[in-house]
Amino acid sequence: MSPVHALARAAGSVGLAALGGAVLAWLGLPLAWILGALAGSAVWVNLAGPTCGGRYQRRAAQLLLGAGSAAILTPEMLSSMLGFLPLMLAAAVVANGTALLAAPVFMRVAGVERITALLCVLPAGLAEMSNLAEERQARPDIVALSHSTRVAMIVILVPLVLGTDRGGQFLADTAGSATALAVCLVASLLSSMLLNRLGMLNPWIVTPMIFGAALALAGIEIMPVPHDLVVIAQILVGASLGARLKAEIFVRLPRVALAASLSTLLLSAVMLVAVSPFLVLVMGVDAVTATLALAPGGIGEMLATAQALHVLVPVVLGFQFVRSLLTNLAAPVLLAWLVPSPRP
């Protein structure tokens, strides 16, 4: 495929994603830009074929979303977040424990071996689990389908659980320094490029928060990311997710899609029904924040959803990042323990 053709396909995908978001926004539906973009991108990839550039679209969205989260950080909030770290770790342990319980069900329903089932149900990133599947000679295609299904289900189910878009307890102030925002974005981009080469988990979201925290501790307020850029970020998040939803894969692997759906429902039920009320009681956050903090979706998708619903974004990001980090660190150990390599 020529560069011009590839660029045209990518532009068509994003264009249809933006159109889908605009239609749902005009209809007043919840999470319109994310869900509309997801639908538009899914239609494009199934009619016109796969597109390139999804990775860079997602990274750009994550930088914007991370900077938007950094804009509401204060020294008091950072101190409070540090105090919540034990809760974040406990929630991550519960999520992974539930996933391990779901693995035998996934293995039986999908008809796959244990190692593939484990990598499919662990609540971590698609790329990390797919890479680990390749290293351990599992089925990376099945792992990718499972995680794509999980994240898509969470993004679609969130509006059904939470209802329509509504202002939460926490909204970013409109004041702040535009220069500080520009510095945060540029510094985050450069450092993320380096940290990504070094293998850091999700630097595109984390580094804006780190620079934002440093600026907040220095007493410098960051101007919130302009609304139009936030909308663009939401479109890119939805588009990158929709591009994974190829009908031919679901048709070819229906048992995997069913197993992924069942394991997602189980994990969601435990985290949102059993754990979320405890989080509301102990932390004093609203139910929407607790739901998004514990939902087993992707970091970028949950961060975009949190910003769209105007909740306490740093809490959502903190819980999502700790769970993802713990899962990625624990996955190789769990595999070695539960699925020992055959002796030569």
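For all residues, glycine too, the Cβ spot is worked out from N, Cα and C.
The shown structure was predicted, so the numbers you read here are calculated from the model rather than taken from an experiment.
Record features, source TrEMBL:
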type     : residues : note
TRANSMEM : 7-25     : transmembrane segment
TRANSMEM : 84-106   : transmembrane segment
TRANSMEM : 142-162  : transmembrane segment
TRANSMEM : 174-195  : transmembrane segment
TRANSMEM : 204-223  : transmembrane segment
TRANSMEM : 229-245  : transmembrane segment
TRANSMEM : 257-275  : transmembrane segment
Can you see whether the transmembrane segment (174-195) and the transmembrane segment (142-162) are touching - at least 3 CB pairs under 8 angstroms, only pairs 6 or more apart in sequence?
no
Determine which residues of the chain contact the transmembrane segment (257-275) at the Cβ level, with the cut-off under 8 Å and only residues 6 or more beyond its ends counted.
91, 94-95, 98-99, 101-102, 105-106, 109-110, 117, 120-121, 123, 145-147, 149-150, 153-154, 157, 161, 250, 291, 294-296
